[in-house]
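Feature list (source: Swiss-Prot):
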BINDING   G33, H34, S35, G36, S37, G38, K39, S40  ATP binding site
DOMAIN    1-235  domain 'ABC transporter'
DOMAIN    296-361  domain 'Mop'
Amino acid sequence: MDGLRLRFRRAYPGFELDIDLALPGRGVTALFGHSGSGKSTCLRCIAGLEKAAEGEVTINGETWQDSRRNLFVAPHRRALGYVFQDANLFRHLTVRRNLAFGLKRIAAAERRVELEQACALLGIEHLLERMPERLSGGEQQRVGIARALLTSPRLLLMDEPLASLDLKRKGEILPYLERLHEELDIPVLYVSHSPDEVARLADHLVLLENGKVRASGPIGETLARVDLPLALDDDAGVVIEGTVSDHDPAYGLLTLVLPGSALQMRVAHAPLAPGKRLRFKVQARDVSLNLRDDAQSSILNRLPVRVLELVDTDTAAHVLVRLDAGGNPLLARITRYSRDQLQLRPGQLLWAQIKSVAVLA
């Protein structure tokens, strides 16, 4: 059976973890929440490093823990890869020998990832004979990820793998994580404090608060939920994955078709082949509303939308409007004055003017 079934209950001094999740068996699921919400503890339970009094861990049909059957597979027998904030490479071994450490744990007939494939995916072929002290922080982390992949895991756990890197190094490593997502059919549980990382990498989002699941769902739907604290953040917005239809070389604009509709958006981007999927984020503060389409506007992206819901924010001046754009969620943060002037109400049809689009690549 495909899918991840995760259920834990364990009490700690001043904290209780109580998790009950059914997650997709492929793609990247992000565990997101404030410090102390239980993200890393959840990963440790999955790995068998924290034996919960009550628990179940089933990964695409393979059960590693089921307290009802008194079943507990030892951590070293669980087919998972674990990537931490620090690569934890063996300082006395070359990169090649560090990678061999992960590879030798798996019989040749059972290997799903080979050395050459892992090196190519992470772009580390030229580093194989170096010692760890001669690697940058980003290079060390890429080697650590490759070593985890070479254990041929059925599940990859990543506990804030970019937290110790500066912005430049993060920017260097994110494309490699996207390649893993695209080219390997290994489910990933990804812990992060960074909304930008989550928006760029995740397919599914789990929001944790005080050891419990506050929300779980596809990234686009969950970010658009106005009942969650994420919607009140200054950088609140939605993530959409469009399909490239064409490129205008005269203006350097890509045309993207929105999922499940004929609606299109244009973004400044280098040429991409038709059919290529491109993920982007639209922030609520960058969306304004109009009762009619203004074709004379400098704003390129104007979409017909329907009002779904209006909610108060934590400021006296603004409201948040949840919109439907051809089946795609959209958020707009506007003033209360504008709400009253436009006489907005659920079900109303109007136009969303998107002033800025952030391509997540």
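Backbone N, Cα and C define each Cβ position, glycine as well.
Shown on the structure are the features that Swiss-Prot records.
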{"residue": "G33", "record": "ATP binding site", "contacts (Cβ under 8 Å, 6+ apart)": "K39, L207, L208, E209, R214"}
{"residue": "H34", "record": "ATP binding site", "contacts (Cβ under 8 Å, 6+ apart)": "H193, E209"}
{"residue": "S35", "record": "ATP binding site", "contacts (Cβ under 8 Å, 6+ apart)": "H193"}
{"residue": "G36", "record": "ATP binding site", "contacts (Cβ under 8 Å, 6+ apart)": "F15, N210"}
{"residue": "S37", "record": "ATP binding site", "contacts (Cβ under 8 Å, 6+ apart)": "L208, E209, N210, G211"}
{"residue": "G38", "record": "ATP binding site", "contacts (Cβ under 8 Å, 6+ apart)": "F15, L17, I19, L208, N210, G211, K212"}
{"residue": "S40", "record": "ATP binding site", "contacts (Cβ under 8 Å, 6+ apart)": "D159, E160, V191"}
One finds that other Cβ atoms within 10 Å of the Cβ of K39 (ATP binding site) number exactly 23
Not counting G33, H34, S35, G36, S37, G38, K39, S40, residues with a CB within 8 A of the CB centroid of the ATP site are T41, L208
Across the domain 'Mop' (296-361), DSSP yields 7 helix, 36 strand, 23 coil
On the domain 'Mop' (296-361), the mean of the pLDDT values is 96
